[in-house]
Amino acid sequence: MKTKFIFVTGGVVSSIGKGLAAASLGALLESRGLRVTHQKLDPYINVDPGTMSPFQHGEVFVTDDGAETDLDLGHYERYTSARLSKKSNFTTGQVYFSVIEKERRGDYLGGTVQVIPHITDEIKSKIIENAKGSDIAIIEIGGTVGDIESLPFLEAIRQFKADRGAANVLYLHVTLVPFIKTADELKTKPTQHSVKELREIGIQPDILICRCEQDLPRDMKAKIALFCNVEEKAVITSQDAEHIYAVPLALHREGLDEQVVEKLNIWTKAPDLAPWQQVVEKLMNPSHGKVRIAIVGKYVNLTESYKSLSEALTHGGIANDCRVHLTYLDSEKIEQEGIDGLLEDVDGILVPGGFGERGTEGKIKTIEFARTRKIPFFGICLGMQMAVVEYARNVCGLEDAFSSEFKPDCLNPVIHLMEEQKGVSRKGGTMRLGAYPCTLTKGSFAQKAYGTLDISERHRHRYEFNNKNRTVLVENGLVLSGVYKEGDLVEIVEITDHPWFVGCQFHPEFKSKPLNPHPLFKAFIAAALQNKKA
């Protein structure tokens with residue numbers, strides 16, 4: 001089958017849910033037996049989001065091949081079976097970088113390099129390259145129609161219909177139909193203007209997904225269809241859902257996937273949505289009540305910084321048939337004001353990754369609380385490193401133990417810079433990134449969770465466990481239960497005389513899915529549930 005291309009644009013406001021719409025459509029088409037891939041095109045000039053503040057960009061999602069990408073790729077991987085790569089996300093910065101390199105090599109034979117055709121051709125070539133081997137390629141354009149930064153991308157996808165044939169290209173526009181409380185009615189004018197602007201660029205949307213607080217009445221769908229030049233059945237309501245994993249089912253009820261396969265002239269089997277129905281049922285009606293998990297981090301004022309993490313915890317709840325209630329606590333506040341009263345009622349504590357010294361002592365206090373009070377604990381990346389620091393200080397008696405990242409001259413740097421990172425001065429794309437193998441210790445918490453001895457997980461770090469302190473930590477009871485054998489790098493630490501205490505250097509949240517929860521999150525929530533019952 002010749003690859004079909006679906007381009008997803010957004011209008012009226014940012015953060016309208018294009019990523020979730022694209023991911024949900026991918027899930028629906030995959031349930032029909034189609035091979036789906038995803039791609040996100042970001043209009044900013046940064047080469048990638050790896051050096052951007054979490055407060056500006058939210059989470060950086062890491063792929064198996066080490067790409068630092070937009071958090072929407074996390075949605076795509078969670079909703080489908082796709083394993084995305086460096087080709088799945090590119091930016092204006094990458095496009096211009098590539099074109100300028102070609103110009104310097106003389107690839108354009110002395111011609112004047114312009115946005116059209118050179119930039120648009122580069123964009124199209126990257127889209128085509130990523131789509132190879134798939135039946136459907138769903139490409140989301142970042143930003144909002146009308147943004148000046150998006151224009152080269154929109155021009156490139158406009159040309160796609162002429163290049164690939166109208167039967168192989170579909171334009172899907174996600175827009176807002178706001179409810180005005182004072183008038184007590186939904187308003188279609190923002191959608192009309194958004195589509196008008198898109199049509200002025202030369203793109204006529206085939207399907208509209210209308211985000212709204214309440215159901216769109218039929219007469220309003222007819223009005224939108226008339227003024228936006230689409231079929232009435234192609235006006236899809238996307239009402240605010242109680243949970244994001246209910247969105248694929250809601251869009252299916254609206255006929256989204258049926259419209260897509262009809263307009264692209266694809267024959268498919270009937271969709272099998274039973275797995276999604278089971279997920280939603282467990283979310284809405286859990287058998288075991290709820291568990292309370294505290295996430296103690298430094299980016300808690302923007303929870304999008306922990307998007308994959310919060311979703312992975314939800315997946316752990318699905319696996320244990322319970323609801324997970326998350327409480328976000330600022331580690332810097334704990335550092336300044338103490339821990340009293342903040343963690344008394346939680347069933348489990350998670351300390352996530354991060355960069356910089358701010359809030360680290362608050363994380364260490366939190367870890368000590370979890371260790372001494374026997375509360376199930378999960379430390380990820382920096383959370384694992386601070387667990388090692390806490391153990392070294394309070395159990396091994398190494399009072400000045402710390403990470404050389406924060407105190408280069410400390411006498412006991414139990415965490416230190418990786419050998420291959422020494423001398424690296426450039427920030428972008430230079431960390432230990434992507435998937436690496438890890439060998440587990442038989443009988444450990446981690447091995448019991450995975451059910452195997454050999455695993456592969458994704459990383460994003462420069463600092464590691466310092467093997468010079470290995471003996472003293474092990475002699476005092478710290479279990480090094482996961483090791484990257486090639487570099488003798490400690491990946492997982494545990495405490496055995498504890499209900500569940502695990503720290504890992506990698507980011508397991510990047511591989512968790514609602515239909516296939518990650519083993520460590522499944523085990524962590526199970527321990528928290530057991531702690532609640534106790």
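Any Cβ shown, glycine's included, is placed from N, Cα and C.
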Site co-member for L-glutamine according to Swiss-Prot, given L382, G383, M384, Q385, E405, R462, out of G341, G348, G354: G354
Co-listed ATP-binding residue [Swiss-Prot; alongside S15, I16, G17, K18, G19, L20] among D70, D72, D107: D72
Candidates K40, K221, K223, K233, the one Swiss-Prot lists with S14, D147, I148, E149, K187, T188, K189, P190, T191, Q192 as binding CTP: K223
Among K187, K189, T191, Q385, which are recorded as binding-site residues, the nearest neighbour of D72 (ATP binding site) by Cα: T191
Cα proximity to K223 (CTP binding site), best match among recorded positions L20, Q385, E509: L20
Shell list (ATP; ref centroid = CB of S15, I16, G17, K18, G19, L20, D72; cutoff 8 A): G10, A21, A22, H75, E140, V174
Between G19 (ATP binding site) and E405 (L-glutamine binding site): CA-CA distance (Å): 35
Protein Cβ atoms within 10 Å of G354 (L-glutamine binding site), excluding its own: 22
